[in-house]
Structures are given as structure tokens and as C-alpha cells.
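Q: Taken from Swiss-Prot, the feature active site covers Glu287, and the record attributes it to sequence analysis. For Asn129, Asn144, Asn578, Asn588, the entry in Swiss-Prot reads N-linked glycosylation site. Annotation comment: Swiss-Prot describes 333-379 as region 'Disordered'. Per Swiss-Prot, the feature repeat 'Hemopexin 1' maps to 384-419. The repeat 'Hemopexin 3' annotation in Swiss-Prot covers 472-517. Look at Swiss-Prot and you will find 160-167 tagged as motif 'Cysteine switch', backed by similarity to another entry.
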Amino acid sequence: MANFCLIFAAVFLTRLTTVLNTPISVTFGPTQLTDITKLVSETGDDFGLTTPRSAILTTVSEDDSDDDDGGESVEDTTILQTTTSSEIVISGIVVDEDIDESKVVKLKANLEQFGYVPLGSTFGEANINYTSAILEYQQNGGINQTGILDAETAALLDTPRCGVPDILPYVTGGIAWPRNVAVTYSFGTLSNDLSQTAIKNELRRAFQVWDDVSSLTFREVVDSSSVDIRIKFGSYEHGDGISFDGQGGVLAHAFLPRNGDAHFDDSERWTIGTNSGTNLFQVAAHEFGHSLGLYHSDVQSALMYPYYRGYNPNFNLDRDDIAGITSLYGRNTGSTTTTTRRPTITRTTTRRTTTRRTTTQLATTQTTTIRPPTYPTPPRQACTGSFDAVIKDNSDRIYALAGRYYWRLDQASPSWGVVRNRFGFDLPENVDASFQNGIFSYFFSGCYYYYQTSTRRRFPRTPFNRRWVGLPCDIDAVYKSGDSGTTYFFKGRFVYKFSSSNQLQRRSPISSYFRNTPYALRDGVEAVVRVDDVYLHFYRDGRYYRMIESTKQFVNFPNGLSYRDVIDTLIPQCRSLNLSVEIESCSNSSE
């Protein structure tokens, strides 16, 4: 009977694959997998399933006896994939049959070089989901997302591009040069394709692109011993351990602050103002974006898009580029030199000092005329407005956690307190992230999670890998989908998508997974919370960004809304405390 069911399922899937002309993924438990493998061996028919050709995409093992969602523990599962008649499978990668096998090797090299799979991966490794990696590669390249090596993907492999990875290892956010200090650069060995003067002028013009829209200023220096950005041309191995590949392919690469150096492949034919060769100005402006702290963009019209699109005589920065650079350095206020910006800071300090003296009286009046506090003044570290986690309970009360403390963000009855006193004495001092799922509240810290019911029944801490296999420690934020039961975890620049059965389905850069992602969120978020059935709020650096959950689209791009003001409004004591702190700092600076 079991064999009959398996045959029926296999034949049905094969027919459905033919009708839809698309691959289909199926999950079998270990017992069924043994049966179907035996069946294939006995009959000599693989029924269109790719497993006999080593196309196993993902194997997940989980033993979770504490499944509090009411579901059963997940068995060892193997995901199999059917293919259409026009596709073949090579080492775990589904390939259109008219694609040369050499492209498979090149695709794997690209996926490694640009951060989609670990370096040194072996073809067909069961723990590497090449389909997911290809989907991300296609999404960042702005082409159709099929998850297979098709003609469009093969063409993208041959497109000249920047050598900086699309997916960088985890780095802390906000990497940038200090504001109000000119960024210095120097010239090293230059190309012989053009005159030295012409090359330097184009490179200066590339810096000016970023100067025009931000508060940045640049200064050219001759001594390269202590310069911020060193510029040079070189071929193949050129001294930084990241070799160029000859003409075509990688055109240049650069390093993020506080290195910032930019290198250009001297094997390219660099040109100025012509469609032939490779336009020096456009490539340099892109690389200097990296030198200033920008990552790649999946917006095809953006300068920071990783692929070279040819000479554009009407070049302008895209809105996405401007949002990125101003999120790091602020907008150009009209000042053109570092020295003209410094007096602005002094004037601001003076004005704020005067204002603070006035509002100090208001804060004093507030404690006697508006609403007497029923709780003591919060400690200063609880008034920063920087949250570790945000959670909404079953009564629709929203709590923001900051270190040892929490805020209840409620216009009618705002309050604060110690996290352990409100949520449980067995919680750690610092919670990384949290979310609500039915009657359960989940809290994450380090490599462990804690959970309790709405009746305050608590469960012991549990390692991540008991429930979410593949989730890294020290996550930044988490939320659970309202309809599908999917859970999204955030760590650095990545979002980890887990199915309702807690299987890792995908790891993607935040910027490529959500639509219209604000630049401030591309290298990480502080917290996420569902505020109602429509919107999620993403918190970062004193601001929150609203996203429609059903479409995964941000709606107040690019600047967000301030939640520092929310704290000031809801918690009068915090506002009073912060004002007194600022008065003290202003008084000290004026002495």
C-alpha cells in the first residue's frame, strides 16, 4: 500500500511538473525517503525526481520536545525537487539544458566570490541550498528570480561588475568616517590609458558626486602614509591579496572605512566620455561609495548597483544613492568646506543652551501641574531611546526593552520598570529580541531563548538549535508572520526566514528581501514589532520605519519617524532628566 501511494504521488508530481513547466519541491520524512529510494532501485524509474542525480537541496534535522505551538516534533526531512524536461541537474544546481556546463563552474565561483555561499564549498554539499543562493543572486542582479541557471543568469555572469561582495560578512552598522572632518585621499600608480592629469580630474569629479549631496568634504594629499583613501591601478595580484581577473569580469574594488582604499584593474581599457571601453568616472564614483561606507544596492538605476551598465552621458545619483550617503553623513547644507561647518555647531550649541534654560522651568512645572508621577525618575541609561527589543502582548500593550529596563509605550498610562520584574526573574539582564505568538512570549539572549505563557507559566532556557536549526547566536530582532506562521530573525545585514515547522528556508540580505528598504535598515535593525494587522515597525538609531506586512513594502521611506520623541512625550520624567543632562553638558562646554 505504501509503495502504491508513493508511485501515485511521484507520477502525479511528474505530470504536474509537465503541465506547469516549473520545478516543484516536495518534502518526505525519513521513512518515506527510504521507501522511495528502494522503489526507484527496484523499478529503474526515478519518476522525474532529481534525488537519484544527487540534487538534494536541503536536509534539516530537529529534535524539539518542547514544541509549545501544539504541533508535533519535526522529523528529519529531505527536500526533493522535480525538474522539467528542458532542465538537468548538475551538482545540486538546476540548469537549463542548453546552458554550457562551464557556466555551472562560473556560477559557483561567483556565488562564492560575492558572498552567497561559503568559500571553499564543495559541489552538491547537502547543507548548501544553491537554489536559495541563486534566487538571491538573481534578485540582487535585477533579473527574473527562477532559482535555476538559465540564459538570463548566464548572461549576468558575463557582465562586468564591481569586485566588492554583494553579501558581506557581519559588520556593525554605521561604518563611516568622522563627520566634520575632511576625508583625505592620495594617488598612487595610475593607468597609462590616459594622461595622468585627465585621470586625476576624473577621480576628483567622482569624489565631488558625493560631496554635492552630503556634508562630506575631501582633501587631496601627497603623503600617503596617513591618508584615508589610497587610489591605485594594478593588474592581477596587486598587493592586497584580492587578485584581479584580467579584462572584463571584475573592474575594480574598494574597502569600507576605516580602510577605504580603492583599486582599479589596469587590464581594463579606461576611457572618458565615450561609449567604448570602461568609463573611469562612473566606476570610480561607485568604488568611492564603498570607500565612504555604502554597500551594493539592488536598485538597477542606482550608482551602487554592482553591475556596470555602460557609459551614461546624463549621469545623476539615484534617490537610493542619496538616501544611503545622507544616512551616514547628513545632507549638504550649502557649506563647502570643513571650516565653514564648524561655526554652525557652535551656533547650535548656543541656541540650545538658551532654550534649555527656558524649558527647565517647564519641566519643573510639569511635575506639579500636569500629572504627578506614580513611579520614581528612571535611570539615565533607560532614557537613551535605543531599544534592544519591542514586544506586544495579548492585551495589545507594547513594551520596549532597553538593557535592564522596559517602557510601556502607552499614551494613557506610560510606565517603566525592570525587565525581570515584569517578564520573569529567570530572564537575563539583556534581552536581544522578543516576539509574541499566541499565549507565548519569547525572549532571546545570546544562544538561548526563554518563553512563558500569558498566565506567567515559565519554561527553562533552551538553546536555539533545539528549535531553529541554523540560526546564529546574538540575533538583533525577530517577528512572526500573522498569517503563515513564518518567523523572521534578523542578524546584522541578514534576515533568516523559518517556516511554520521551524525549518530554515532562506537567508537573505535585508535590502533584497523587503521592498523599498530604507538605507538605515540595510545593515541591521534594533527591534521589530507588529503594531496591528497591517503594519510592522522596524526600529533603528532613534527612528522607526513602517512596513506593510502583506506586501513587505516600507511606506515612509527613506527617513522614518522619530521614536526618541515618543519617549519624551510618553514619559515626562525621562524628558525632564534628559533636559537636565543636556543643560549640564552645554554649561560645561561654554566654560
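Using N, Cα and C of the backbone, Cβ positions are placed for all residues, glycine too.
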Q: For Asn144 (N-linked glycosylation site), which DSSP three-state class applies?
A: coil
Q: Between Asn144 (N-linked glycosylation site) and Asn129 (N-linked glycosylation site), how far is it from one CA atom to the other, in Å?
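A: Between the alpha carbons of Asn144 (N-linked glycosylation site) and Asn129 (N-linked glycosylation site) there are 18 Å.
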Q: With every protein chain in view, what's the tally of Cβ atoms within 10 Å of the Cβ of Asn129 (N-linked glycosylation site), excluding that atom itself?
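A: That number is 20.
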Q: Among all chains shown, work out which of the recorded positions Asn144, Glu287 has the most CB atoms within 10 A of its CB.
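A: The largest 10 Å Cβ neighbour count belongs to Glu287.
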Q: Whole-number Å only: compute the distance from the Cα of Asn129 (N-linked glycosylation site) to the Cα of Glu287 (active site).
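A: Asn129 (N-linked glycosylation site) to Glu287 (active site), Cα-Cα distance: 30 Å.
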Q: State the mean pLDDT for the repeat 'Hemopexin 3' (472-517).
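A: Value for the repeat 'Hemopexin 3' (472-517), mean pLDDT as a whole number: 86.
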